[in-house]
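The annotation transmembrane segment is assigned in TrEMBL to 20-39, 59-80, 87-107, 113-135, 147-171, 191-214, 235-253, 273-294, 306-324, 330-355, 367-389, 401-426. TrEMBL lists 21-431 with the feature domain 'Major facilitator superfamily (MFS) profile'.
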């Protein structure tokens, strides 16, 4: 039987050029994360100015963004495998920047929804394009670290949106520096000023490093269905690992601030500051640690490097989740939340890195797009709402939310560990060795 992943990839560029590519892609991911999350910071003033109910704000924040994102990601994956990825990224960066401007100037709910949908549409190309480009650039060596750096940039973007945006919002409320924007509310000025970062990154994409490396290989003209069928057990196990990791992250991110408020009677602002600070401090460190550990195991010839690192990270996350949900003191809970953030951050880049190794270069963008789509829909669509349902219907008492979180996190953790152990039994991705 022909191994559909055995091929020869032609990769050009020095190590400096490869890392220049990674840095520019990280900057793109950073500003995309800022634009995605900055609206979270200003939901309250947006709701007051546009007279929106909480349901409408929730729709704008989540559903409006995801709607076109989910529809577009697979078509983008197909396009990215066939035409110039740099050009698509440039056009999409411009597109979601227009969406941010539409949100900033929106005078109605409908306009705000349209802006968020444009942001989601533009950002649907980022991960498939970047993953396929990084995998191509580092095809002849381990690339856990560049994938981890790319993942960490989104974590940093979320932190910058909340903390940097918060400080800028306070400054804008009392500043007359931007006289041309004085007639606009501070939240509108904040969204418009965020476009400065987009413009800088746009120039960086045009001027530096982001060359579309050739995708020359010998795959004996196999169809994508043959590639998926030949390695479906590995794809399924890494999908299980990714769903478990992202679902755990989403559950903890969505409900930990509320748990802190209810359990320890602190103010929502204090809870947000504590949780956000820990994510900013430890999330990216976890991402990078996972990539470094993966490359270290790979270089030392460790069999099943990806599953081993995944098992270690998810085991640590489960222990921290247990401490978080059962803690009776906020210091213990904060420590556990930080530990869970670190461990889950380490697990985040592992599965998607393995998917690049499993997939021939000519199919990477569309396979990555499908992978991200399934993970996003399952983790976001099931995890947080499942916790809410269990809290209301399965666990009575003042600690119902804690117990509901623990239940879902335990199930997700067991799914991830089972998938990782199965992946280790199947053997690690053959393409970890240079072709």
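The backbone N, Cα and C atoms fix where each Cβ goes, and this holds for glycine too.
Curation plays no part in TrEMBL annotations; they are all automatic predictions.
Remember, predicted model here, so these are calculated numbers, not experimental data.
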Given a Cβ distance threshold of under 8 angstroms, which distant residues of the chain, six or more beyond its ends, lie next to the transmembrane segment (306-324)?
238, 241, 244-245, 248, 252, 256, 259, 290, 293-294, 297, 332-333, 335-337, 339-340, 342-344, 346-347, 350-351, 353-354, 405-406, 409-410, 413, 416-417, 420-421, 423-424, 428-429, 432
Assess whether the transmembrane segment (147-171) lies in contact with the transmembrane segment (87-107), where contact requires at least three Cβ pairs under 8 Å among residues 6 or more apart in sequence.
no
Long-range Cβ contacts under 8 Å made by the transmembrane segment (401-426), restricted to residues 6 or more beyond its ends, are 233-234, 236-241, 243-245, 247-248, 251-252, 255-256, 258-259, 262-263, 304, 306-308, 310-311, 314-315, 317-318, 321-322, 324-326, 347, 354, 383, 386-391, 394-395
CB contact flag for the transmembrane segment (59-80) and the transmembrane segment (330-355), at least three pairs under 8 A
no
Give the nonlocal contacts of the transmembrane segment (273-294) in its own chain as ranges (CB under 8 Å, at least six residues past its ends).
142, 144-149, 151-153, 155-156, 158-159, 162-163, 253, 256-257, 260, 266, 305-306, 309, 312-313, 334, 337-338, 341-350, 353
Remote residues contacting the transmembrane segment (87-107) - C-beta distance under 8 A, at least 6 residues beyond either end:
28, 31-32, 35, 39, 50, 76, 79-80, 114-126, 129, 184, 188-189, 191-192, 194-195, 198-199, 201-202, 205-206, 210, 212
Contacting positions for the transmembrane segment (330-355) when only residues 6+ beyond its ends and CB under 8 Å are counted
127, 131, 143-144, 147-148, 150-152, 155, 234-235, 238-239, 241-242, 245-246, 248-249, 252, 256, 259-260, 263-264, 266, 274-275, 278-279, 281-287, 289-291, 293-294, 306, 309-310, 313-314, 316-317, 319-324, 367-368, 371-372, 416, 423, 428-429
